[in-house]
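One structure, as structure tokens, below. Some questions next.
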Amino acid sequence: MENIEEILKAHKLTMEDYEHIKKILGREPNLVEIGIFSAMWSEHCSYKSSKKYLKGFPTEAPWVIQGPGENAGVIDIGDGMAAVFKMESHNHPSFIEPYQGAATGVGGILRDVFTMGARPVANLNALRFGDVKREDEVGAHQRYLVRGVVAGIGGYGNCVGVPTIGGEVSFDECYNGNILVNAFSLGICKKDEIFYGRAEGVGNPVIYVGSKTGRDGLGGAVMSSDSFTEETKKLRPTVQVGDPFTEKLLLEACLELFKTDYVVGIQDMGAAGLTSSSFEMAGRAGSGMKMYLDKVPMREEGMTPYELMLSESQERMLICAKKGTEEKVLEIFRKWDLDAEIIGEVTDTGVMELYWHGEKVAEVPVAPVSEEAPELDRPTKRPEYLAYIKETSIDTVPHVEDQEAFEKLLGSLEVVNKAWVYEQYDSMVQTNTVKHPGTLDASVIRVKENGKAIAMSSKCNPRYCYIDPKGGAAAAVMAAGRNVAMSGARPLAITDCLNYGNPENPEVMWQFAQGTEGIKEACRALNTPVVSGNVSLYNETNGVSVYPTPTIAMVGLNDDANKVVPSYFQETNDVVYIIGDTEKEFGGSLYLKELFGKVAGELPKIDYEKELRLWNFVIEANNRGLLKAAKDVGVGGIAIALAKMAALGNKGFLGNFCFEDSREIFSETFSRALVEIDPKNMHALEELANEIGIHATPLGTVGGNRFQLCDIDMEMEKLKDIYFNTFKREIERDL
């Protein structure tokens, strides 16, 4: 093949890779085969840099039905029902083309869930943007990205009819060159009706269903495995274009198919399209496959085998059906006005054979491309900045009056209400959503089949992960679990989306290795196994990587959907308690960031026993009918958590407690919660706290038209204006 070096460079392959490919094939590869190896060995598909670190994740528990390795994780939720869930990134496409990038991220994660046999019932998203407050082009571009991404998520999810019920939105200048768009979906099915991505049974037909294949998304998997430069805008053709109405038809057709016994295996065509779906299905089953690419439904004229194998056109699935049922399968999809064609069959050769009008155009062994793809052991190095980052503390910065600090923190885009975002999403479609977004610490969906509730929350504080990559990742697991527990549910399992910079940088690889250690440690200690997840590397532009951002989505179960705990003030004269101990801990805090522009200090102490005691306390207090409301104490500390409860409940607060150093109301000590109770239940609450071994301290009472805590005194009207209106004012100021 001529110009081999240029071809390899275009496919992000090295000469070493090329020699390896020749050894596997026993000959020189052709262009189609190079395209296949390039996509399947990309970071995006093969996890070659990260796989060695993921192997130690705890993945088993009595309630885990399916752990990592399939399209999504599955847990038992009782009464013969299962919850299916996963989180994925669509970072690179969303930065290049925000609307379609975010929309197709939603589409892809929905397919991961319904390909397992589950009807999707809830979506979350975790979004990270750059500095939208800047007055220059960078700030304007970030505001454009926010508007585009949110519109894309809403546009797709709303049309498919799956509620988007929560998530998180945060901002930091480290995301100016790479935004992060992490999408989560959860579905429900019967636990004995789960489908897997396997192609087995010699002679069984391989069927293509869904949209026609076009040239959109060509090279998307390879693009997502590289860092950005100034040339990035030229990559728009590598971003897929979504059609949510077709997705809805595909969803319903698949669910109808699952009621039959025709299916051997099914796989969504995601990154690397037909290549990944076919190789993954054959790889999991240890089988081979013959595919006739001229049978693939095409949207454009003149498409080549190379393009058909690597296109990332959306809303497509690959099905392995039982021999003899193919016409019935085709009939179901055509009834839903979808393309459906038999394009191949399963073999026992362990080889993928591709044909084009009768001519063989590729012949590749399955295992070396999929299950046995190369793994890298990249060098790691502790970042130099960690040597001096702990020198900063609350005692090394100037004193700021509590009132001034409170107003600044309350107006932080990390804190203020995100109604502008979630009001663009249909959160109530399907009528299973227990409460509106923003009114609970977790997002909660009712399981109509058994009267239970599934709670879910996504969390990560990138500042914590920057100052302590291991502890910050563990803290994300704790925080996601804490949110779930605050709603009254028992945390059960996580899915993750591990967003990091360039793995070719040893310091980034060290951050990643430490992050996975933190997740392993926390999940073991808290008994919340990892059941699915995603790794997104190369989140870097012009040599600048994002902060380590291991987003954790925790899923939990509440046995009674009528016992879900809100997170805002309910009734005047109720008493508010702080549960847990407060220390003077400001490492990575919002206080240091907003008031002094510093991301530094020592991470608050991690104590898994305290965390578990807090979860047990809140869950038991709720079961005993003691709680009116519960709120996790997170960024901004007690002051900000109380302010959110007051604003959302439209009730003031009169504090009658303060710390010796009043700044501790902004401390971010872990494993704490605020609870609101009826005064008559004070004794019962304190008895339960003693029983569990956790401190419960009364802070004050609900009511009035002012917010008063230590030296803070603010009219509720002003507090509500800052909390509810700041986000919209900031994001829409260009319009």
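The backbone N, Cα and C atoms fix where each Cβ goes, and this holds for glycine too.
What you see is a predicted model, and the numbers here were worked out from it, not measured in a lab.
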Given that Swiss-Prot annotates Tyr47, Lys86, Asp496 as ATP-binding, name the residue from Gly117, Gly471, Gly533 that shares the site.
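Swiss-Prot names Gly533 for this ATP site.
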Given that Swiss-Prot lists Ser89, His90, Asn91, His92, Arg111, Glu312, Ser313, Gln314, Ser536 as binding substrate, which residue among Gln240, Gln403, Gln424, Gln430 does it place in the same site?
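So the substrate site in Swiss-Prot includes Ser89, His90, Asn91, His92, Arg111, Glu312, Ser313, Gln314, Ser536 plus, from the candidates Gln240, Gln403, Gln424, Gln430, Gln240.
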Whole-number Å only: compute the distance from the Cα of Arg111 (substrate binding site) to the Cα of Gly533 (ATP binding site).
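Rounded to the nearest whole number, the Cα-Cα distance is 15 Å.
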What three-state secondary structure does DSSP assign to Lys86 (ATP binding site)?
strand
What subset of the recorded positions His90, Asp268, Gln314, Asn534 lies within 10 angstroms of Tyr47 (ATP binding site) at the C-alpha level?
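Taking His90, Asp268, Gln314, Asn534 one by one, the ones whose Cα falls within 10 Å of Tyr47 (ATP binding site) are Asn534.
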Relative to the Cβ position of Asp112 (Mg(2+) 2 binding site), how many further Cβ atoms are located within 10 Å?
29
If you measure from the C-alpha of His44 (active site), which of the binding-site residues Lys86, Asp112, Glu312, Asn534 fall inside 10 Å?
Asn534
Tell me the coarse DSSP state (helix, strand, coil) of His44 (active site).
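The residue in question, His44 (active site), is helix (DSSP, three-state).
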